[in-house]
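Have a look at the structure below, then the notes.
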Amino acid sequence: MKLFSSVNDVTNINELVAEGLKLKQNPYTFQDLGKNKTIGLVFLNPSLRTRLSTQKAALNLGMNVIVLNMDKEGWALELQDGAIMNGGSVEHIKEAAAVMGEYCDIIGIRSFPGLKDRDEDYSESIFNKFVKYCGVPVVSLESATRHPLQSLADLITIEELKTKPRPKVVLTWAPHVKALPQAVPNSFAEWMCKADVDFVIAHPKGYELNTDFTNGATITNNQDEALQDADFIYVKNWSAYEPYGQVLPGNEDWMLTLDKLHPTNDAKVMHCLPVRRNVELSDEILDSDSSIVIHEAGNRVWAAQAVLKQMLHNL
Ligand code: CP
């Protein structure tokens, strides 16, 4: 694997999930694989889980790790081709990415969408320019439209905790105080549509996702109906795709509460974190045995380690 930016970069998702679970049992089996190899983790936006879990995964494989908080510590990047750089930007992405490629064998990059220009965000221009100019294998640490390491960890979690061969998995929209990207729900939908699960998406009218990511899912505006017999509930806010990046008024009653779990099959509740308590998810759920959000975050390490292991094999 030379690129990990979506589920489409994975030859066999079942094998990758199994690899993650195997690494969880024996984290240090491949400690020599990454010897004398360096991964650079480049963040254009904040992170807790992705930064620490990918760093730990790389260390478990014996790699050296460099972290650059580009948004705080790097030069202001110019992204436009042909720009006359007589303003605030100091370094063009062409040089910045190419130089990072000189220091690293693999690069991880996080670049959120601006949520202003849908075509710009959905063209993945920042992520794709890094891939083009750095010249080494690249792993997405969340791009404008996808978060594949999160989705792989989510699938590993479902596979690990499911109690039937084909569980019902519900992605349900949740309220939030600000406009959030569609990357996590897009990505989760894309992975679930390829997994052996019954997959339902529930959201208020107006929060339809781009259908490129939801092909094969059952989609409803009725949350109660969706939750019936659910085995896993994935809670996530996202802003509207049309009008792009907007928060629509109302829908506060979409917050998941304990009483909404009654018609489920003792559902386990997931969230990628960070979570706004008592806005997206109630305290009573997060502090109950129904919540598996910490377990899910723990599995971020094995997802990252499975992906980096495949990349190291191909260096
Ligand atoms: N879920 C997730 O990606 O968390 P961070 O933004 O903290 O990395």
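Each residue, glycine too, has its Cβ placed from N, Cα and C.
The candidate list LYS72, LYS94, LYS236 contains one residue that TrEMBL assigns to the N(2)-succinyl-L-ornithine site with GLU142, HIS176, ARG276, namely LYS236.
Taking CA atoms as the reference points, HIS176 (N(2)-succinyl-L-ornithine binding site) and CYS272 (carbamoyl phosphate binding site) are 14 Å apart. Nearest in space to TRP75 (carbamoyl phosphate binding site), taking C-alpha to C-alpha distance over the binding-site residues GLU142, LYS236, ARG276, is GLU142. Per-class residue totals from DSSP over the domain 'Aspartate/ornithine carbamoyltransferase Asp/Orn-binding' (184-310), listed helix then strand then coil: 46 helix, 20 strand, 61 coil. Confidence over the domain 'Aspartate/ornithine carbamoyltransferase Asp/Orn-binding' (184-310), given as mean pLDDT on the 0 to 100 scale, stands at 97. Screening the binding-site residues SER47, LEU149, HIS176, CYS272, ARG300 for a C-beta under 6 A from any atom of ligand 1 leaves SER47, CYS272. Cβ neighbour count within 10 Å across all protein chains ranks ARG300 highest among the binding-site residues HIS176, LYS236, ARG276, ARG300.
With a cut-off of 8 Å between CB atoms and residues at least 6 apart in sequence, the same chain places SER140, ALA183, VAL184, SER187, CYS272 near HIS147 (carbamoyl phosphate binding site), listed in sequence order.
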